[in-house]
Amino acid sequence: MMNILLINGPNLNLLGTREPEIYGNKTLIDIEKDLTKVAKEKSINIECFQSNHEGEIVDKIHDSVKSIQGILINAGAFTHTSISIRDALIGSKIPFVELHISNIFSREDFRKESFLTDKAIGIISGFGISSYFLALEGIIGYLNGKN
């Protein structure tokens with residue numbers, strides 16, 4: 001069975017209440033349940049992880065090297081600031097898809113810079129909650145050699 005790690009960064013635990021006009025009304029728990037269900041139907045195991053702390057995300061990536069085949073990451077604000085998460089992803093050699101609920105390229109200038117994009121196998125941005133499901137399809141296709 002293929003094992004995928006879903007990483008959500010800072011403030012994504014507030015989904016459903018934080019700026020619903022941008023991020024929608026679904027909670028992170030709702031998204032994780034729905035994504036896990038879809039993955040299970042495809043014989044994929046998803047491990048969900050969320051942290052507001054950069055070092056915890058780095059540690060999770062390090063701890064996943066031997067058990068995870070692909071990563072889906074919505075790094076939140078760390079997308080624009082974290083060299084340590086970037087380096088952990090590169091060092092892990094685990095293929096990853098960067099994802100965002102909103103279109104980060106149509107927002108404030110500081111959100112247009114990503115420390116992850118050039119190392120990701122792909123980026124999904126701007127499709128709302130569907131970004132998670134599109135990213136899952138992308139990583140599955142990549143890992144199955146359909147890229």
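In case you wondered, yes, glycine gets a Cβ from its N, Cα and C as well.
What Swiss-Prot records for Arg18 is site 'Transition state stabilizer', and it gives sequence analysis as the kind of evidence. Positions annotated as active site, proton acceptor by Swiss-Prot: Tyr23. Positions annotated as substrate binding site by Swiss-Prot, on the basis of sequence analysis: Asn74, His80, Asp87, Ile101, Ser102, Arg111. Annotation comment: Swiss-Prot describes His100 as active site, proton donor.
Sequence features, as recorded in Swiss-Prot, placed on the structure.
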{"residue": "Arg18", "record": "site 'Transition state stabilizer'", "contacts (Cβ under 8 Å, 6+ apart)": "Asn11"}
{"residue": "Asn74", "record": "substrate binding site", "contacts (Cβ under 8 Å, 6+ apart)": "Ile7, Asn8, Gly9, Leu12, Glu98, Leu99, His100, Ile101, Ser131, Tyr132"}
{"residue": "Asp87", "record": "substrate binding site", "contacts (Cβ under 8 Å, 6+ apart)": "none"}
Secondary structure at Asn74 (substrate binding site), reduced by DSSP to three states: strand
Neighbouring C-beta atoms (10 Å sphere around the C-beta of Ser102 (substrate binding site)): 17
Least buried by Cβ count (within 10 Å) of the recorded positions His80, His100: His80
